[in-house]
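Everything on this sheet refers to the single structure shown next.
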Amino acid sequence: MGGTTSTRRVTFEADENENITVVKGIRLSENVIDRMKESSPSGSKSQRYSGAYGASVSDEELKRRVAEELALEQAKKESEDQKRLKQAKELDRERAAANEQLTRAILRERICSEEERAKAKHLARQLEEKDRVLKKQDAFYKEQLARLEERSSEFYRVTTEQYQKAAEEVEAKFKRYESHPVCADLQAKILQCYRENTHQTLKCSALATQYMHCVNHAKQSMLEKGG
């Protein structure tokens, strides 16, 4: 003990699966072992046999180096953990932003779709209303046309009947006053006598007297019938 420094032979055994070394129950990585080898005094020697490493260092020095290397490894691990945590947070933020953008895009698309559907429904209702109004107007016009045709037919019938009745009345009226030549035979004889005796009309005086008597008799007969 005293001022002498005790030394012990420490064996570093390699782990085939995890590429680390066990030092008295402490698992060290190859990076730690390499740094320990590089920082060891020039008087220390390393030995290699069957994949194992040997090093002669003091117990205190070994503990110090192991503690330092473990602290470095821990700091490195914490730094890497912080980096991974930062990257994870950044990834989460990016994912959240992407999800928000996607949600907004879906919402905008949904709103646009709903607006388009609303416009389509409104247009359909307008077309239905216009079609209903047109059908109503068409039915009204057809009804009015039918009434006009009926009125025209009735007017034609009444007009025809009235015309026929008026024609019959006029015809009956004129038939009632229909006249025939009076004393037609004597009138013809007088005309013939006047043509034959142009310069001797007195020869026709006897026929003229008979014609006048015939006319007067006819007038008297008509007056008697009318009275």
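Yeah, the Cβs are placed from backbone N, Cα and C, and that goes for glycine too.
Since we're looking at a predicted model, the values are computed, not measured.
What Swiss-Prot lists as N-myristoyl glycine is Gly2.
Residues or ranges marked as compositional bias 'Polar residues' in Swiss-Prot: 39-49.
As annotated by Swiss-Prot, phosphotyrosine applies to Tyr49.
Sequence annotations record features per position, and here Swiss-Prot assigns N6-acetyllysine to Lys142. In sequence order, no residues are near Lys142 (N6-acetyllysine), counting only same-chain partners six or more apart with C-beta under 8 A.
Here the domain 'CHCH' (180-222) has a mean pLDDT of 82 out of 100. Sequence annotations record features per position, and here Swiss-Prot assigns domain 'CHCH' to 180-222 based on sequence analysis.
Taken residue by residue, the motif 'Cx9C motif 1' (183-193) breaks down under DSSP into 10 helix, 0 strand, 1 coil. If you look up Swiss-Prot, you'll see 183-193 marked as motif 'Cx9C motif 1', on the strength of sequence analysis.
Secondary structure at Cys214 (disulfide bond), taken from DSSP and collapsed to helix, strand or coil, is helix. A sphere of 10 angstroms centred on the C-beta of Cys214 (disulfide bond) encloses 16 other C-beta atoms. Marked as disulfide bond by Swiss-Prot on the basis of sequence analysis: Cys183-Cys214 (among others).
For Cys193-Cys204 (among others), the entry in Swiss-Prot reads disulfide bond. Secondary structure at Cys204 (disulfide bond), as computed by DSSP, is helix.
Panel annotation: around the motif 'Cx9C motif 2' (204-214), residues 182-183, 186-187, 189-190, 193-194, 197 of the same chain, lying at least six beyond its termini, place a Cβ under 8 Å from a Cβ of the stretch. Per Swiss-Prot, motif 'Cx9C motif 2' is recorded for 204-214.
DSSP assigns Lys142 (N6-acetyllysine) to a helix in the three-state reduction.
The distance from the Cα of Cys214 (disulfide bond) to the Cα of Cys204 (disulfide bond) comes to 15 Å. Around the Cβ of Cys193 (disulfide bond), a 10 Å sphere holds 17 further Cβ atoms from the protein chains shown. Neighbour count (other Cβ atoms within 10 Å of the Cβ, all protein chains): 19 for Cys204 (disulfide bond). Residue density at Cys183 (disulfide bond): 18 other Cβ atoms are found within 10 A of its Cβ, drawing on all protein chains shown.
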